[in-house]
Amino acid sequence: MSDSGRLEDPNPDASASSSNTTTTTTSEEERLVKNAQCAKKELEAYYKKQNEILDHYKQDSEQIEATRRTRIRLRSSTAVSGDSSAESDVENQQEALRRASTISMKSSKDSLLLRHEDAQNEELKLAKAAARLANITLFVNLVLMIAKIVASYLSGSMSIISSMVDSVVDLTSGAVLSISSRMIRKRDPYQYPRGRTRVEPLSLILISVIMGMASVQLIISSVTRIHDAAADGQKDEINVSWPTIGIMGSTIAVKLTLFFVCQKYKSNSSIKVLSLDHRNDCISITMALACAWLAYYYGAKPGESNTGVSLLGLCPSTGCDLYYLDPTGAIIVSFYILYTWIRTGYAHFVMLSGKSARPELINRIIHQCIEHDPRITHIDTVYVYHYGTKFLVELIPPRNTSPLTKISVSSNDRNMHCSLGLEPRIQCLRN
C-alpha cells in the first residue's frame, strides 16, 4: 500500500503483458474472421460461376438433342418421299423429292429456330433500338451544342466552354456511330464476305482519339488561363447568369433522361457507348456548372482583393479567390473525359486485335462440338477469338484418321447447325 492509502498492483509488468496478450488475441481473431469472410465470398463466387457453366452446358445439350432429332426426322422424311415417288416417272420423282426436301428443311429450320426465336427477336430489337437511339442522340447533341455555344458566349467560363467542346465531339461521335451502323447493315457480300462488324470498333477507336485530342487541348487552355491570372493578373470576366444556369440545367436533365433510356438496352455495344457518353456528360456538365457558378459568385472581381471566402479559416484575411476554380474544373472534366475514352478505345482495340475468348466460352464450344455427333470423339485445335464485336470460331479436325472426315453433312445442314447451335455473338468460320 502506498503512502496515500491506495492499493497498487504488485506486479505491473504482468498486468501489462496480460493486456498485450489479450489485444494480440483479439486482433488475431479479427484477422481470422476477415480471412474466413473473404474465403467465403471467393467460394460463393466460384460455385456461382460453376453453376452458370453447368446451366450453359445443359442448354447446349438440349439444343444439340433438338438438332439431332430434327436431323433424323429430315432423313426419314426424305426417304419416305423417295419411296412413294418411285412408282411415277422420273420428272415426278424429282419434283416430289424437291418438295419433300423443301418441306422437311423448312420444318427442320422452324424446329431449330423455336429455341432461338426470342434471342433473335431480342437481337433485332437491340439493332433497331441502337439505330433509333443513335439518330435521337445525334439530333439532341446538335440542339445541345447550339445551346452550349450560347451559354459559353454569355458566361465566358472555361468550364462551360469545355462542356461545349465536349458536345461538339459528341456530335461527331454520334455521326460516326450512325454511319458505322448503316455500313454494317448494308454490305456487299462479294466485297465483304465476312461482313463489316469491325467497322464499329474502328469507329469507336477514332472517336476515342478525337476525344483525347480535344481533352488535351482544353487542359492546355485551362493551364494557360491559370498562368495568366496568377503571373500577370489578367483575369477573363465570367458571368454565370440565370439564362446560363437554365441552359446548363436543361442539358443535364436531357442527358440524364437519355442515360436511363440507354440503360434498358445496354447489352448492345453501340448503346453501351452512348450510355457511357450520356453519363459522362451528366457528370461533366454538373461539375462545369458548379465550378463556373462558384468562380463567378466567390471569385475576386477585377480591382478587388477581398472575396470574403474563409473556407473554415483556411484562407487568409482577404479570403480565397475562387476564380481559379473555373479553369481547374475544366482541367478535371477534361482529365475525366480523357480517362474514360482511353479505356473505351483500348477495350475496342483489344477486340480489333483478335484477342482470344474466355476459357469458359471456348470450353462451351468444345462441348458442343463433341456432343454434336456421337462419331466425333476428339478435335485437334479450336480457335475462338474476337472478330470485331463478335467472335470467330475455327475448328481444326485431327489429321489422317479423323472422325470428322467420315461424317457426311450437307452445306445447308452444316450452316444451320453452325448458326443456331452457338450463341448469337459467335460466327462460325466455314471453309
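Glycine too: its Cβ is placed from the backbone N, Cα and C atoms.
Whatever TrEMBL says is automated annotation, not expert-curated.
Feature annotation from TrEMBL assigns compositional bias 'Low complexity' to 12-26.
According to TrEMBL, the feature domain 'Cation efflux protein transmembrane' maps to 137-352.
Annotated region 'Disordered' per TrEMBL: 1-33 (among others), in sequence order.
Under the heading region 'Disordered', TrEMBL lists 75-96 (among others).
Residues or ranges marked as transmembrane segment by TrEMBL: 133-154 (among others).
According to TrEMBL, the transmembrane segment annotation covers 160-180 (among others). Within the chain carrying the transmembrane segment (160-180), a Cβ under 8 angstroms from the stretch's Cβ atoms is held by residues 131, 134-135, 137-138, 141-142, 144-145, 148-149, 151-152, 199-200, 202-204, 206-207, 210-211, 214, 217-218, 222, 240, 244, 248, 251, 270, 273-274, 277, 281, 284-285, 288-289, 292, 330, 333-334, 337, all 6 or more beyond its ends.
Annotation comment: TrEMBL describes 201-220 (among others) as transmembrane segment.
What TrEMBL lists as transmembrane segment is 240-261 (among others).
What TrEMBL lists as transmembrane segment is 282-299 (among others).
Annotation source TrEMBL lists transmembrane segment at 322-342 (among others). Within its own chain, the transmembrane segment (322-342) is flanked in space by residues 157-159, 161-163, 166, 207-208, 211-212, 214-216, 218-219, 221-223, 225-226, 229-230, 235, 238, 276, 280, 283-284, 287-288, 290-292, 294-296, 298-300, 307, 309, which lie at least six positions past its ends and keep a Cβ under 8 Å from the stretch.
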Intrachain residues whose Cβ lies under 8 Å of the transmembrane segment (282-299), provided they are six or more past its termini: 155, 157, 159-160, 162-163, 166, 238-240, 244-245, 248-249, 251-252, 255-256, 259, 307-309, 320-326, 328-330, 332-333, 336-337
